[in-house]
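Record features (TrEMBL):
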- A:D46, A:D91, A:D244: Mg(2+) 3 binding site (BINDING)
- A:D46, A:T60, A:D91: Mg(2+) 4 binding site (BINDING)
- A:T61, A:D62, A:D141: Mg(2+) 1 binding site (BINDING)
- A:D62, A:D91: Mg(2+) 2 binding site (BINDING)
- A:D69, A:E283, A:W327: substrate binding site (BINDING)
- A:G140, A:D141, A:R166, A:S246: ATP binding site (BINDING)
- A:D247: Mg(2+) 5 binding site (BINDING)
- A:44-156: domain 'PurM-like N-terminal' (DOMAIN)
- A:171-268: domain 'PurM-like C-terminal' (DOMAIN)
There are 2 protein chains.
Amino acid sequence: MGFTDSARGSSTAGQTVAEVTEGAVLSRIFPRLPASDAALVGPGDDSAVMAAPDARFVVTTDMMVHGPDFRRAWSTPWHLGWKAAATNLSDVAAMGARPTGLVVALAVPDSTPVDELEEFADGLKAACEALAPGCGVVGGDLSVSGTFTIAVTAFGDLEGRAPVLRTGARTGDVVAVSGQLGRASHGLALLFSEGVDEAGVPDASRANSVREQHPDLVSAQLTPTPPIADGPRGARAGATAMMDISDGLALDASRMARASGVTLALESLLLGDDVDAALHGGEDHGLLACFPPGAELPGGFTRIGMVSEAGGADVTCDGAPVAARGWDPYTAWDGAAG
Amino acid sequence: MGFTDSARGSSTAGQTVAEVTEGAVLSRIFPRLPASDAALVGPGDDSAVMAAPDARFVVTTDMMVHGPDFRRAWSTPWHLGWKAAATNLSDVAAMGARPTGLVVALAVPDSTPVDELEEFADGLKAACEALAPGCGVVGGDLSVSGTFTIAVTAFGDLEGRAPVLRTGARTGDVVAVSGQLGRASHGLALLFSEGVDEAGVPDASRANSVREQHPDLVSAQLTPTPPIADGPRGARAGATAMMDISDGLALDASRMARASGVTLALESLLLGDDVDAALHGGEDHGLLACFPPGAELPGGFTRIGMVSEAGGADVTCDGAPVAARGWDPYTAWDGAAG
C-alpha cells in the first residue's frame, strides 16, 4: 500500500507531483481524508485493519478513467473525488450494507498540481460525510500515469442481515426505485452539446455556463448523490432483490430479471416525464429493488411496476418488451480529449 | 462493480476488447479466475460478500501503471497478473494475516486482444494458487484506457492474532528477513542494460535472451515469489514488527525504525554478496521482521542484525549510518515507451 510515507518536504504550494516526493504529497493529502469509524488500523502500515462486527464484509471495486469515464474540462478534482466515492458507496448500499471504508488508488500525470490532489481528497471526504457518515478512507496508493485514473474499493457492514442479491425477485413483488431516473444522462447530453467548443472538445468555461443554467442535471452527472441510506433501509424492509442502477434502468432491470428468472413489468406512468431517459440513461446510481406484495416501501423508494412470471422479455413497459439497451462503457464514451 | 455481466457473444477468438461486448470479455475471464474459500457471495452482484471469521479483516491496495511500473515488452499479461497478485498478497502477509481474496480493476487499451486478458487472469490464478492457496478473486472492474493500468485490492484474515505493525520493534530484538534481497533490482538492471534495442527502448526478444541467461534474477523482477506463508508464521512466532520490503531494505527499514522509535543495526556479513543491492534495490517483496531476543526464527527468516536504541541514524550497517535511499516511484522509472 502506498499511503505509507512521512513528510520529506513541507513547502509544496503550487508544485506538481513531479516536483515533490511521494512523502510530501501524502503529508498534504492525509489530514484531509475522512476517517473511518470502523478502522482498527488506518493508513500508514502495509495494510489497514477494519472491524467486521458480524464476521462478514461486503466489497466492491470500480475504476474511473480519464476519457471513457470523465473529462477534466468538466470535472474538477473535487467532483472526481466525490463521484469516485459516491458510485462505490452505491454498490455497497445495493447489497443492503452500510458503507464503512474505502481504499483509493490514484494515478495522475506528473504535471498534476499537488493542490488538485488535496481537492480530490476534499471531494472524497465531502461525499463520505454527506452520503455515508462514519465511512472513511483507510488506505490507498499514489502513482504517476499518462492517464488520470482512479480506482476505489469500498467495504460495508451487513449489520447481521442477509445480503440482498439480484437473484431474489419473485412473481408478485413490487418493483421500486430510489433516486431519480434519467437525470445524469440528461446532464451528460447537455455537456456534450453545450459544454464543448466549436471543434466539439470539452471546454471548462462552457461547461460552467451549462452548470449555471441546469445545476440539478449537471450535478446528477458530475456529483451524483445516490440514496445510500436507502440500501440498509430497503434490506430492513424486506427487499427480495436490490441493485445499483448504473447502466440504465432497462439494462440493469434485465440483469435482475435474468438473475431472478422473472420478468420486471414496468409502468410508463410511474417513470416520470421522460420515459426513454428513465429507461436507457446511464449513471443514475439509484437503487432498483423488489419488495414482497403489500410491503410498505421505505425511505425514498417509489413503485415503478411489478414482478411477473418469466415471459418472452426480461423487462416490459406497459406490457411491451423493453430492449436491454443502456450504458456500454466499451462504446458509449471513448477518447481522452478534454 | 463491473464483473457483473453475462455473455452476449461467444466466438471472440483473436478479437480485441474494442470488438466485443464487456459481457463477452467477462464470460471468457470469469472461468479462469481463482476462487476464494472465504467468498460467501462471489463475483456477479454489486458487491462480493466475504467471511471475516474473527470480526476483522486486513485490506491493502496497489496500482501498477504501464511505464512507471512495468513494460509490456518485458512483461507478458501472465507476468502482470502474477505480479499484481503477488505484491498485494505480500502486503497482507506483512500484517501477519492469511490472504483470503482480491478484487481486481483493470484498464486496457481497446486494441488489447481478449486473449491477453485471459492470460492475465491465468497469471492471477497461478500466483494465488502458488503463494496463497484458498485466496481468490471475488470481484473486479474492466475499463478501457490509453494506459494499461492494474489496481488490485487484497484482503486477509488475522486468524485471531493481533496485526503485526511497523511500530512494535524494541531494543534488543533480532532483525530478520524472509526472501531474497537485491535480486529484483539486479534483474531490472539487466533488463535495462540488455533487454533494450539500440535506442534504449525495451525489446521483447532481447528481454527473452536476458531471461534465458539469468532466469532467477529476471523472475525476481517480473514474477516475484514473496514468502507469503512466512507472514502468519512470523506472527505466530511472536514478531514484534513486520513489513513488506518493497522500496529497498534501507528505506523500508528506516520507516520501521522511525515508526518504532529505534535504530535497526544491520550486519553486512548477513546481507549476502552484494550489500549495496541488498540495501538499496527495490521490489524485493520479502518480509522484514523483528523478533524478541532468543526467539526461534520461523520459516525462511534469517537474522540480519538487531534493534538498538534510537541513535543518530534510523538504520546502520556495521555501525555506520545507512542512507534511506531506495525505490522512489516518482522518479525511479518513468516514461511509457515499451
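Including glycine, each Cβ sits where the backbone N, Cα and C put it.
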To the nearest Å, how far is the Cα of A:G140 (ATP binding site) from the Cα of A:T60 (Mg(2+) 4 binding site)? 15
How many other Cβ atoms sit within 10 Å of the Cβ of A:D62 (Mg(2+) 1 binding site)? 25
Just name the winner among A:D46, A:D91, A:D141, A:D247, A:E283 (the binding-site residues) by count of other CB atoms within 10 A of its CB. A:D91
For the binding-site residues listed here (A:D69, A:D244), which one has the lowest count of neighbouring CB atoms within 10 Å of its own CB? A:D69
Compute the average pLDDT of the predicted model within the domain 'PurM-like C-terminal' (A:171-268). 95
Considering Cα atoms only, can you say which of A:T60, A:D69, A:D244, A:S246, A:D247 is the nearest neighbour of A:D141 (Mg(2+) 1 binding site) among these binding-site residues? A:T60
Binding-site residues near A:T61 (Mg(2+) 1 binding site) (Cα-Cα within 10 Å), from A:D46, A:D69, A:D91, A:E283: A:D91
Ranking the binding-site residues A:T60, A:T61, A:G140, A:R166, A:S246 by other Cβ atoms within 10 Å, which is at the bottom? A:R166
Could you check the binding-site residues A:S246, A:D247, A:E283 and tell me which sit with their Cβ under 8 Å of a chain B Cβ? none
Please report how many Å separate the Cα atom of A:T60 (Mg(2+) 4 binding site) from that of A:D69 (substrate binding site), as a whole number. 18
Within 10 Å of A:S246 (ATP binding site) (Cα to Cα), which of the binding-site residues A:D46, A:D62, A:D69 do you find? none
Rounded to a whole number, how many Å is the Cα of A:D69 (substrate binding site) away from the Cα of A:D91 (Mg(2+) 3 binding site)? 17
Taking the Cα atoms as reference points, how far is A:D91 (Mg(2+) 3 binding site) from A:E283 (substrate binding site) in Å? 12
Between A:D46 (Mg(2+) 3 binding site) and A:E283 (substrate binding site): CA-CA distance (Å): 34
